[in-house]
Each structure stands twice: as structure tokens, then as C-alpha cells.
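Q: Taken from Swiss-Prot, the feature domain 'KRAB' covers 4-75, and the record attributes it to sequence analysis. Summarising the annotation, Swiss-Prot assigns zinc finger to 145-167, 173-195, 201-223, 229-251, 257-279, 285-307, 313-335, 341-363, 369-391, 397-419 and lists sequence analysis as the type of evidence.
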């Protein structure tokens, strides 16, 4: 009988050794360990999940778990395979094909770290050994994970795992406290904190509670209006230091968060998280009314207004209500007279960017919209739409008084004056 422990496919790091690896190598380490464990599971050899796996799934540093507990907490964590489970001639073949199929000629010893490193300086050899593993993997690591549902390929198995959850009908992670189901383990971990974290610092103004006193202090500035963090570049002030750090990247152009799939970089980690959904196809925000799903919460919030008919944004001047704040902002320019969009050719100003765009065609003499019936061209798409009614005979504007229909809205307005005159002269 052969015995295979998780240590046989595990790499162990001290804090000093971990610091010697760059971010790409750290990501590679996570992917290798998670993939190896997943392959053990697929062979039916993994009985218990080591703490190291839980640590890696939560993107924590691997050395923060006690070394012995991380890879050998349970005696049953040793994986036994006998002739009844796997015949002797299958053990080598199955293990090499499944566990090592992506690592080419890499020996298992390449996945083990020497234990005689006593200082940061000594771990340079460790890093070069890991670089060897990186080189061996890089040749076969491009788009190695392919989805059998939609055929998409992924460079990183962590992204592939998230993508696979989209097709899973069952929401596999269930909260024992409230019964909520989560598809992604990361979402499940985040949700559990609602129940486990004790929030002992409470705001006296609004009753909101926080787990840290520093968070409460930052929150209080919402009520006081205090903005102690000032940008030296432009003088803008902020309530939180983290917001100032993000703002400074506008001046420096720094984009520290890079997408591993397409290489696009972002200023904020939240922007990178949102962007990744383009690659994974994940749409976590679902409408309860029509089941339509969205990648971003802001899109779901806009969509919900269709069902509710709610118009939460009201103009203080005339009382007109709007579904979206952007529409209210544009409307307010009617009252203020603000015209922020100026033509560089003639200096004429406009309230909307779309109006300026249409105006610029006067100078360029561009008429991009052509009628397929008579070949007449127009500067604006709306003019082409109005013109087409000559050919179709469509009359969408109907008078409520007499039922007469008109092709254009301006004709309906002119027609309505007939009825208003009749009412004025009627005794």
C-alpha cells in the first residue's frame, strides 16, 4: 500500500522566503497549490481540506497558518490508495497524468522547498528554484484551463474556477446562520462575516455599528463634514486617507492593479474586480422581477426603475422628476443657463454634448445619415427618422381632442392651437 500525503504536493514558505517572491510568483504558487489539491479531489484521494487550502482560497499569506496545521492537521489527511482503489500500474500513470500533466518534465522534488534556509539572503537559491518551476510552467500555462460548457480558455485556474460556478445551477455554499446560498466561495466567506464579526462601536447620530473604532471615527465625519486629508497637488480634501491615496493616482497616473487576462491596469482594486467579470462572464446582480442579470450593481439599480416607475430625482425649480441623476443634471441647465459644451470653430455653446456633436457637422459639411429610399442625406439621425415618415406614411403624433394624426410633433403643436382658439372665442 502506498501513502500519499498533501505534503508530497505542497510547497511551504516562511515569511522571509515569501517576501523573496514577486507578485507573479506568489500568484503562481497559489494556482499550483489550488490546482494540485483539486486534482487530488478529482482522483478521490482528498478526504479533508487542509487549512493551507482554506488560507489560499481566502487569499491570505500561506505562512500565517501554523506549518503543521496547514498541511497535516488531520491524521486522515494522508491519502491512502490500495490495489482496490487504484491498481499499482495505475497509481503512477494516473498521478503523473492528472497531478503533473501541466508541469512537463518537472520532478516532484521541484515542488518541495529545502528547510535549511536561515536568513533572507539564503533564500535566493530558493527563489531561483521556484523560477525554474515558473519557466517549466510558462510553456504550458497559456490558456490551459478550458470550459467544457462554453469553450472559453483561461490562463489562471482561479479565474476558471469562478467562471465554472456560473454554470452551476446549485448554489453550493450555504450559510448555516441564515440559510443564504452563495455560488462563489469568496462571496460566502464575505457573507459569513456579517454573523461572526461583533460590531461594538455604534454611531450616536444614525445608529450604524462598526467593528473597529477607527471605522467609527471615519464614519462620524459624514455627519460633521470634516475632511482632514488634503491633496497637495490640487487642494481637494477627503474624509478618508484611503480616498486620498486613490485620488493621488489621478495626478501620478499610477495603476497598480493589473488584469492577468488582458493586461489592463486600474487605479482601484474594486475597478479590477468589476473588470474581471468581463472575462469570467459573471453577472452577480440579478433582478428579482424579471431575472435579468447584470455585472455591476449600478446597472441593476438603473434597471429596477423600469419595474417600479420610480422617479427619485426631482428638480427644485419646476418640480419635474427624473429616473436618473444624470438626466436631472442635464435638465437643470435649462434653469441655470449653463452651456458647458463649446464649439472650437465658432464659439457657440450648448447644454448637451450630443447637440454640440451634431452642430460640428455644419463646419465639416458631413451628412452621414442617408435615406435608402431617395438617397437624401442628413446631418442628424433624428432628421433622417422624421424624413422616413414621408415614405412610410407613419403618423405617430395624435391629437387627443379630435383624433387627427401628424407625422411630426411640430405639426401637432400647430394643430392644437385650432382647439385652443375655439375655446377662447366660445361664449
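Glycine is treated like the rest: Cβ placed from N, Cα and C.
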Q: When you scan the chain for residues with a C-beta under 8 Å from the zinc finger (341-363), skipping those not six or more beyond its ends, what do you find?
A: 330, 333-334, 379-380
Q: What residues in the same chain, six or more past the boundaries of the zinc finger (313-335), come closer than 8 Å to it by Cβ-Cβ distance?
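A: Residues packing against the zinc finger (313-335) from afar: 302, 305, 351-352.
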Q: Which whole-number mean pLDDT does the model give the zinc finger (369-391)?
A: 87
Q: Do you know the DSSP helix, strand and coil residue counts for the zinc finger (229-251)?
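A: Counting residues per DSSP class in the zinc finger (229-251), I get 11 helix, 4 strand, 8 coil.
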Q: By Cβ distance under 8 Å, which residues at least 6 away from the ends of the zinc finger (397-419) in the same chain are close to it?
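A: For the zinc finger (397-419), the list is 386, 389-390.
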